[in-house]
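Structure record follows, encoded as structure tokens.
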Amino acid sequence: TEGPYFYIPMSNATGVVRSPYEYPQYYLVYPAAFAVLGAYMFFLIIFGFPVNFLTLYVTIEHKKLRTPLNYILLNLAVADLFMVIGGFTTTIYTSMHGYFVLGRLGCNLEGFSATLGGMISLWSLVVLAVERWVVVCKPMSNFRFGENHAIMGVTLTWAMGLACTVPPLVGWSRYIPEGMQCSCGIDYYTRAEGFNNESFVLYMFVCHFSFPLVVIFFCYGRLLCAVKEAAAAQQESETTQRAEREVTRMVILMVIGFLVCWLPYASVAWYIFTHQGSEFGPLFMTIPAFFAKSSAIYNPVIYICLNKQFRQCMLTTLFCGKNPFEEEEGASSTKTEASSASSSSVSPA
């Protein structure tokens, strides 16, 4: 059922469909489902805010972390905080009421904040992959990665994020409640006259999903080849084999993290867009949307907490200046010293 600035995934033959801006949507799913949604968002806030905020705090406290290669990791933490503060808190409030109680303006603000955080996070992963490829594989022999390049990378993520999130505010597509109607996203559901949704959805899939996916696969594929070549050149010693396994594991985690975050959402959105009028339940889009939002937790774990340097500094901060695991960390890093150039450049290892 399509209405002014909303789309309910349910036929109105019985006359029960109501505007998600004005009435509870308990006819879509059981009221308990809204409580589960609110609890899940609370879980994301409780875990997502501290780990991302701690990343920023630890970087401010430890000067050795303020290197150009780490700028993009900080940007990733900022993007995740943007999602937590601008999107998750709103969804908790609306799920408690069972509908998008904040109205049309609130929908625009929530949709913009959550989508901007998600897009900046996505493009941060792209820039991170490119930076690692440039540093490890050295496609430009005389190139030296510096602060200006890092700032350019961060600026690119915000520019691409805004290029995706501003158009729906000015008439190219729009933000509408989605799934259980408690959070807002880009309109993949309708071809409403005057909004040019078709062209915007194609633009999103080509420029903000397919292209980033190709870049990430290319960069990490080349990086794995470079690490294997370096290990072979050192005659496959135990230390180089261990470093190679670590880098391979981290690359696989990075790619899986990206796919888990964005592939379900993109696939379902594309299906809905290409099957206009087909029947689907409210959970059909709700679950993939919150797969994407859960990246606020597992992005920091993959890219920051598993980074040896960040992890050591984080433990030092948490334990008031002393890392109780310092001996183990030091022993581990000594064992892989022979291949530190390759593994540290990949960074999350």
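In case you wondered, yes, glycine gets a Cβ from its N, Cα and C as well.
Identical topological domain names are assigned in Swiss-Prot to D187 and P282, which places both on one side of the membrane. Each of C184, C207, C219 is a candidate, yet Swiss-Prot gives the disulfide link of C107 to C184. Least packed by the Cβ count within 10 Å, out of the disulfide-bonded residues C107, C184, is C107. DSSP assigns N197 (N-linked glycosylation site) to a helical segment in the three-state reduction. Nearest to K293 (N6-(retinylidene)lysine) in space, judged by Cα atoms and limited to the recorded positions C107, C184, N197, C320, is C184. For the transmembrane segment (108-130), same-chain residues at least 6 beyond its ends with a Cβ under 8 Å from one of its own Cβ atoms are 72-73, 75-76, 78-88, 90-91, 102, 153-154, 156-158, 160-162, 164-166, 168-169, 175-176, 183-186, 208, 212, 215-216, 219-220, 254, 257-258, 261-262, 292-293, 295-296, 299, 303, 347.
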